[in-house]
């Protein structure tokens, strides 16, 4: 396998881990996650957001423990634990997962555009354009990718303040009574929430690109916390604004709330909001593609500048295949489910296996 | 293989021929004189047939006073001295006794007089007597400031160096000089303060200037385009300034300046994008006012780049965005207009560009008239004829005005050009197109560097300390350290403790 340590020039400072985590975790999900989590746990669902968020903190800690012990990225962890060939298979699966994550973000955003802005626009046309923009960033290398995620947080964060407009029409009694659901309902809600928190696991691949990577842990945790706060705020606001009956029929709850935003010179904010959301979606697509090409480079020693084209083609074909609401919903559900198993079962599993291997080998070598 | 070597040979030949054009190569003194004499302004002068000394010089290049008042009196008095002795008699500094033909040639061409003696074959004295017409120092025009120094660079490099050294009378201010351009042999000087400026930056500039290969270098803007990091970019990556005070100030910050002979402007770098929106006058005003104006300028840039594209996007696709009260005004203004918003916008934008270009090309007095005539008469006529809407006229005029607030000329050109791709994207995909084009623009800006240093600093990479003099300007006692992105050898500007010491009440 190729070198683990990337070039000094492409390294980024530890605090960028914050932006990388946040920009990857916030994406299309936040535009319409309320309906999914409210399905099972109703007006209590904002608590499931917090539960899922806290779990993410633990998983981020696990990822760092894994990475610090191995000193490389996911591919080297796989190789150390499972050997070259089996490890390559697992890495390839993670590659597919990254591609699907990019596709989910891309296709869902295009759906939002189709629903809210241009009803008749071709998914493959606008998809091609967005993929090209993503290519422009990925081809700039990891520093540019990081910069994009930084600007994404910078441009996206002010949108939080628009929640003020909904506050005026909110009924916080909607949230009461607390603890109105069974434990299984909370579990189901937490599971449904996973898709929105997905993305932090890309850390497993870009970890070597952070200067003093171990010191970036606290920044990643802060990033996860920031995401948690944003999702909780959004959930609280939506549950206070909508009744549960309304929420059942509102696919894009956040975008619908934007409709009530009113300035003296802007009446329908959602057009601006959805356009600005491009900057929030782009890091999702860009980081995923970058991770996919990076895995390819590490496992099959194919240069990133070549492997990016087949990946872009795959994404583009995806735009043709996933045509309507049912398909896109299925894509989201399946990726969410895969992500759920990946982060709640696979990462802990890796963590345990590594601990055992370290214990066994520990007497002979200090580190693997 | 053979093709390759042949190609190489051809290249070599080309190089030789170009070397011939510039007059290099090994030639004897007699050949040199013969070549020079073909030109009518070359003078071979001998005082009387049996006088031993001969003078060779270009009439256009030398100061006649040197010949009349210094050379001729001595030559008439002493007819039988050796050249060495004569050199001592001349009351001139830095004369050279030489037989190096190459050196003689270069010196004659830049304004020296060569004195030859019949008794010493081949040898002679080079007497520097260059004359250069200088323009008087005038006030800065493109970077005008209401208060502060009113000196601008002129075309003579010595005068420019003098204006900078006058402001920084320290031995650490060093000047590296070289000549570039095969035909023009332009003098280029690299200025930096030793002990402050980053060594790597100096190295980068020196290397890039040495690498320049072109036949003539007329202006510093030639050099700017040749040593810039990314030549395909629309953004200027080095600052071009005509203010010696600005150059002195950035030198003290640890930047590097480049002066080019014959050019009334200096280049400074490495630079960041925020510097293009800071006028040097910001340092003369109180920091509150300066910060406010900087933010206004930044807002002006955003407005200038985005307003017309947003107009096109909103009126083509998303008129729902406009509140109903405002919609009435817009409809009234647009009702009789036969064109779609994009055509309307492009017509007006091009008209404004035409006016600006016409104003810039014409003599200043006529130019002003053109601006007024164009702005008022054509604009009003276009609206009354029903070709464009009032609202768009206001937007376009304001956008043009906003673009002129950018203090660096190159940057304000860039900003005016930037809106055209945005308008086209807005026409194709509305607001989303504007976002996509902005994303591409962001990607481009992120890739840019200035002398290898990130262009978007201090925003990315985020360096909070450098914000003290970027989007706004903090007071001087807060400017205790030099900008971090310059990686200066001495990051401290002043003693922080001493400056910010607070006395007790009644002390």
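Using the three backbone atoms N, Cα and C, a Cβ is placed for every residue, glycine included.
Model, not experiment: these values are computed from the prediction.
What TrEMBL says about this one:
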TRANSMEM  A:12-33  transmembrane segment
TRANSMEM  A:45-67  transmembrane segment
TRANSMEM  A:87-109  transmembrane segment
TRANSMEM  A:121-138  transmembrane segment
TRANSMEM  A:144-165  transmembrane segment
TRANSMEM  A:186-210  transmembrane segment
TRANSMEM  A:222-242  transmembrane segment
TRANSMEM  A:272-293  transmembrane segment
TRANSMEM  A:305-323  transmembrane segment
TRANSMEM  A:338-358  transmembrane segment
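Counting residues 6+ beyond its ends, the transmembrane segment (A:222-242) has Cβ neighbours under 8 Å at 17-22, 25-26, 30, 33-34, 37-38, 43, 45-46, 49-50, 53-54, 56-57, 60, 160, 163, 166-167, 169-172, 174-175, 193, 196-197, 200, 250, 253-254, 257 in the same chain. Here the listed stretches are A:45-67, A:87-109, A:272-293, A:305-323, and the one with the most C-beta pairs under 8 angstroms to the transmembrane segment (A:144-165) is A:272-293. Under 8 Å from some Cβ of the transmembrane segment (A:87-109) lie the Cβ atoms of residues 27-28, 74-75, 78-81, 123, 127, 130-131, 134, 198-199, 202, 204-205, 277-278, 281, 284-285, 288-289, 291-292, 295-296, 298-299, 311, 314-315, 318-319, 322, 328, 331-332, 335, 338-339, 342, all in the same chain and six or more residues away from its ends.
Among the listed stretches A:12-33, A:121-138, A:186-210, the one sharing the most Cβ pairs under 8 Å with the transmembrane segment (A:305-323) is A:121-138. Between the transmembrane segment (A:338-358) and the listed ranges A:45-67, A:121-138, A:272-293, the one holding the most Cβ pairs under 8 Å is A:45-67. Here the transmembrane segment (A:121-138) does not lie next to the transmembrane segment (A:12-33) in space: the count of CB pairs under 8 Å, restricted to residues six or more apart, is fewer than 3. Taking Cβ pairs closer than 8 Å, the transmembrane segment (A:272-293) reaches residues 20, 23-24, 26-28, 31, 95, 98-99, 101-102, 105-106, 109, 112-113, 116-117, 130-131, 133-135, 137-138, 142, 145, 148-149, 151-152, 155-156, 159, 162, 199, 202, 205-206, 255, 258, 261, 266, 304, 307-308, 311-312, 315 in its own chain, all 6 or more past its ends. Sequence-distant neighbours of the transmembrane segment (A:45-67) (same chain, 6+ residues past either end, Cβ-Cβ under 8 Å): 21, 34, 37-38, 73, 77, 175, 178, 186, 189-190, 192-194, 196-197, 200-201, 203-204, 207, 213-214, 217, 220-221, 224-225, 227-228, 231-232, 235-236, 239, 343-344, 347-348, 350-351, 354.
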